[in-house]
Ligand code: URA
């Protein structure tokens, strides 16, 4: 059984766990330590698409007049400005391709944060964001919600840049990370494939899948 099969985490409003069998099966393959880099990347791209499908489920629609080969009709199209996808470097990039395949016209931003290994606190080293963030739904991409410190800092940055409608897409989360993020940003809903047991002394997720960046890029 996955660590948290429920679709809603008790006490964690705004957290949605996608317990779809395809998501859970692919996640198990990703967790397995013997899964090599290539399949790991492909699985992350596939799961991202399944999660992105859920995180975009309530996007607003408008009507557009089109002509089918048979007759004119008022057809539904996404309303408002294009979405923005923001990847938290570097692991977020592993989710970007999958999300872009689903939402090809999205604008794309990047936030560079690393975790100080001593303090586990985030340090920002890069930021490049689309304009008009205030008018776009922003989907923040990063597979691992561990302590929540980097994530909360990334959301701070997006809000300073004007973003008002932020959603978070994760592969794995921890109860600690969810509590930290929801304490700082209760307005940001989180969609994840699993809520794992917790963290080890170095801030790695247990049972987790190891270092997501290293596994997707073949580094150590
Ligand atoms: N980042 C990772 O890549 N893995 C963890 O377990 C925690 C943070």
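Residue 1 is the first one shown; counting continues down the chain.
Backbone N, Cα and C atoms are what each Cβ position is placed from, and that goes for glycine too.
Heads up, TrEMBL stuff is auto-annotated, nobody curated it.
Annotated in TrEMBL:
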- 17-219: domain 'Phosphoribosyltransferase' (DOMAIN)
- 90, 115, 142, 143, 144, 145, 146, 147, 148, 149, 150, 211: 5-phospho-alpha-D-ribose 1-diphosphate binding site (BINDING)
- 205, 210, 211, 212: uracil binding site (BINDING)
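Feature map: TrEMBL annotations on the structure.
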| residue | record | DSSP class |
| --- | --- | --- |
| 90 | 5-phospho-alpha-D-ribose 1-diphosphate binding site | coil |
| 142 | 5-phospho-alpha-D-ribose 1-diphosphate binding site | coil |
| 148 | 5-phospho-alpha-D-ribose 1-diphosphate binding site | coil |
| 205 | uracil binding site | strand |
| 210 | uracil binding site | coil |
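Cβ-based crowding with a 10 Å cutoff singles out 142 as the top-ranked of the binding-site residues 142, 211. Of 205, 210, 211, 212, all annotated as binding-site residues, the residue with the shortest Cα distance to residue 146 (5-phospho-alpha-D-ribose 1-diphosphate binding site) is 205. When Cβ neighbours within 10 Å are tallied across all protein chains shown, the highest count among the binding-site residues 148, 210 belongs to 148. Only 144, 212, in sequence order, out of the binding-site residues 142, 144, 212 have a CB under 6 Å from ligand 1.
Highlighted in sequence order, 144, 204, 208, 209, 213, 214, 215 have their Cβ within 8 Å of the centre of the Cβ atoms of 205, 210, 211, 212, the residues recorded for uracil, and are not part of that set.
Per Cα geometry, 212 is the residue among the binding-site residues 205, 210, 211, 212 nearest to residue 142 (5-phospho-alpha-D-ribose 1-diphosphate binding site).
Distance noted between the C-alpha atoms of residue 205 (uracil binding site) and residue 148 (5-phospho-alpha-D-ribose 1-diphosphate binding site) is 11 Å. The domain 'Phosphoribosyltransferase' (17-219) scores a mean pLDDT of 95 in the predicted structure. Other Cβ atoms within 10 Å of the Cβ of residue 90 (5-phospho-alpha-D-ribose 1-diphosphate binding site), summed over all protein chains shown, number 18. In this structure, the C-alpha atom of residue 210 (uracil binding site) lies 15 angstrom from that of residue 90 (5-phospho-alpha-D-ribose 1-diphosphate binding site).
Max Cα-Cα distance over the annotated 5-phospho-alpha-D-ribose 1-diphosphate binders (90, 115, 142, 143, 144, 145, 146, 147, 148, 149, 150, 211) is 17 Å. A distance of 11 Å separates the Cα atom of residue 211 (uracil binding site) from that of residue 90 (5-phospho-alpha-D-ribose 1-diphosphate binding site). Comparing residue 90 (5-phospho-alpha-D-ribose 1-diphosphate binding site) with residue 212 (uracil binding site), their Cα atoms are 9 Å apart once rounded. Around the Cβ of residue 150 (5-phospho-alpha-D-ribose 1-diphosphate binding site), a 10 Å sphere holds 24 further Cβ atoms from the protein chains shown.
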